[in-house]
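Asks: My questions all concern the structure below.
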Amino acid sequence: MKTVVFAYHDMGCLGIEALLAAGYEISAIFTHTDNPGEKAFYGSVARLAAERGIPVYAPDNVNHPLWVERIAQLSPEVIFSFYYRHLICDEILQLAPAGAFNLHGSLLPKYRGRAPLNWVLVNGETETGVTLHRMVKRADAGAIVAQLRVAIAPDDIAITLHHKLCHAARQLLEQTLPAIKHGNILEIAQRENEATCFGRRTPDDSFLEWHKPASVLHNMVRAVADPWPGAFSYVGNQKFTVWSSRVHPHASKAQPGSVISVAPLLIACGDGALEIVTGQAGDGITMQGSQLAQTLGLVQGSRLNSQPACTARRRTRVLILGVNGFIGNHLTERLLREDHYEVYGLDIGSDAISRFLNHPHFHFVEGDISIHSEWIEYHVKKCDVVLPLVAIATPIEYTRNPLRVFELDFEENLRIIRYCVKYRKRIIFPSTSEVYGMCSDKYFDEDHSNLIVGPVNKPRWIYSVSKQLLDRVIWAYGEKEGLQFTLFRPFNWMGPRLDNLNAARIGSSRAITQLILNLVEGSPIKLIDGGKQKRCFTDIRDGIEALYRIIENAGNRCDGEIINIGNPENEASIEELGEMLLASFEKHPLRHHFPPFAGFRVVESSSYYGKGYQDVEHRKPSIRNAHHCLDWEPKIDMQETIDETLDFFLRTVDLTDKPS
């Protein structure tokens with residue numbers, strides 16, 4: 001039975017082994033690259049696939065239309081998901097005639113969502129299990145095919161329960177996979193009235209709140225014990241981790257968080273007391289409780305606290321949806337450079353923000369905005385400033401996938417805008433220079449230029465029109481319901497991390513990244529319709545500084561404003577951009593690793609983008625509003641931007657196979 005598998009972690013490995021043992025023919029396996037900030041104690045699906053001679057892939061977005069098409073070409077009869085961390089789109093699920101099945105680590109419908117292993121321990125459950133269920137569009141909601149119950153012992157911690165669940169999963173799959181193969185299964189619909197759902201946990205969620213009962217704190221310790229990050233507390237500003245604990249029914253009038261004794265190390269709680277059996281001060285070594293007390297300088301009567309003693313004033317909470325994108329990751333870097341921002345981010349990947357994942361003021365959830373609506377609504381309510389940066393913004397997609405562009409760029413963002421209205425939150429919305437369309441003004445002005453687009457049978461305008469309509473909706477909400485907003489319009493921002501070379505390989509990237517790929521691979525640089533179209537290229541650092549000032553909003557000068565962010569002095573045609581890039585490439589110290597330049601080739605836009613494409617001959621911003629509202633002007637010359645962007649991408653290329 002031809003099978004496509006989505007898998008990660010130990011459960012992914014055992015699921016693959018079970019399929020092979022049951023005689024399934026695995027055509028391809030999709031997995032994830034390991035997160036360098038995560039302690040990898042589990043088996044490698046990629047290594048197992050390689051050892052078994054099975055093609056394995058780890059795309060950033062498996063739901064991209066090109067991956068959907070590649071999976072369709074495999075003609076899977078059935079699909080399995082074993083602890084794959086991304087939701088799989090309905091288009092993929094519908095490819096398999098026998099259906100798609102997911103292995104989930106709880107007794108569904110209880111504990112849908114993320115980290116059920118940890119949540120059942122946090123909540124003090126005495127039973128959990130594994131469930132194999134049919135996959136539907138909504139996460140973990142499909143009919144149940146099989147379940148096995150697993151008892152949770154009082155001394156179970158996360159790793160021991162993980163091993164129990166793996167053992168149960170092997171049994172479950174051994175019993176169930178033959179029945180699926182022969183179409184002989186009985187499915188039971190989940191009872192929605194019994195469903196519970198839990199979100200992703202982060203290390204910051206595991207602080208010990210001493211006013212809670214000792215049993216609750218002990219469960220927290222069990223849930224995140226090694227190899228998870230551990231429960232923690234503070235002595236003054238000194239952080240320490242509790243690796244194991246015991247509950248004492250100690251009757252004491254001491255304030256919660258007070259040290260009752262140091263040998264054993266006993267801490268008063270809201271109800272009872274918690275003995276810290278083993279722990280660790282800062283980044284030190286693990287030690288027994290009494291030695292930990294000595295290391296931390298604790299004596300009877302000392303007080304512990306859940307937060308550092310000298311906590312600064314509350315940071316401004318900024319929600320960035322699409323935080324892993326070009327603007328999102330650079331903006332995150334700028335905000336975290338200051339000491340008064342807390343950044344909350346959501347995206348379907350994390351490669352560009354991996355450098356922030358361990359930052360104490362950066363909180364990331366991997367997910368899709370079309371699915372994580374409850375998480376988004378909660379964080380809109382929780383945060384002070386919202387930046388919905390998620391969009392399909394590459395021209396080839398406007399003609400290739402116009403409906404997907406509309407659904408994501410318009411419909412999903414409209415929902416977020418309405419959350420901002422509902423909870424009265426400030427929104428900073430990314431409009432686009434594309435809204436000006438075929439405007440003939442010498443300088444495109446936010447307040448006076450007409451927004452001119454082509455006919456309906458030219459789908460390339462669906463992005464421009466979607467953004468324009470959202471601009472108008474936001475403006476109306478500001479006028480009629482008091483929404484605090486700023487619209488910003490980027491003009492051809494470029495710099496390191498603008499798309500990636502893999503995106504360029506499938507045509508889904510902006511101009512400079514595509515040109516760099518041509519140089520790297522020794523293929524001709526394609527000049528669409530001769531490359532005479534002119535753009536004003538803006539360095540990402542200039543753009544981000546302007547965006548940062550919008551967030552700062554000195555004197556509330558940005559409220560209700562539309563602000564172009566571009567560099568009118570950096571105007572060049574695409575052909576000129578290609579020539580400047582080539583000159584920089586020829587001088588680069590890594591030049592000898594790459595093939596000879598293959599020349600320029602003029603191609604028609606219809607052959608490259610499709611028949612529904614129209615181009616814009618020029619696009620130059622007026623930056624009058626940026627001067628007035630932000631006291632900002634761009635400073636970085638285009639050549640410097642080209643040099644740094646090229647250098648970044650060349651240093652990401654694996655040079656082992658390149659000629660020298």
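Even glycines carry a Cβ here, placed using N, Cα and C.
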Asks: Looking at Swiss-Prot, which one out of Arg70, Arg114, Arg170 binds (6R)-10-formyltetrahydrofolate in the same site as His86, Leu87, Ile88, Val136, Lys137, Arg138, Ala139, Asp140?
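Replies: So the (6R)-10-formyltetrahydrofolate site in Swiss-Prot includes His86, Leu87, Ile88, Val136, Lys137, Arg138, Ala139, Asp140 plus, from the candidates Arg70, Arg114, Arg170, Arg114.
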Asks: For the NAD(+) site that Swiss-Prot gives with Asp368, Ile369, which of Asp339, Asp347, Asp441 also belongs there?
Replies: Asp347
Asks: Using a Cβ-Cβ cut-off under 8 angstroms and a sequence gap of six or more, which residues of the chain neighbour Ala393 (UDP-alpha-D-glucuronate binding site)?
Replies: Asp409, Thr432, Tyr463
Asks: Can you give the mean pLDDT for the region 'Dehydrogenase ArnADH' (314-660), rounded to a whole number?
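Replies: Its mean pLDDT is 91.
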Asks: Across the listed NAD(+)-binding residues, Asp347, Asp368, Ile369, what is the farthest Cα to Cα distance, given in whole Å?
Replies: 8
Asks: Across the listed (6R)-10-formyltetrahydrofolate-binding residues, His86, Leu87, Ile88, Arg114, Val136, Lys137, Arg138, Ala139, Asp140, what is the farthest Cα to Cα distance, given in whole Å?
Replies: 17
Asks: Here are the binding-site residues: Asp140, Asp368, Asp529. Which has the lowest count of other Cβ atoms within 10 Å?
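Replies: Candidates: the binding-site residues Asp140, Asp368, Asp529. Fewest Cβ atoms within 10 Å: Asp529.
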Asks: Given the NAD(+) site residues Asp347, Asp368, Ile369, which other residues of that chain have a Cβ within 8 Å of the mean position of their Cβ atoms, reported in sequence order?
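Replies: Output for this site, in sequence order: Leu321, Gly322, Leu346, Ile348, Gly367, Ser370, Ile371, His372, Val390.
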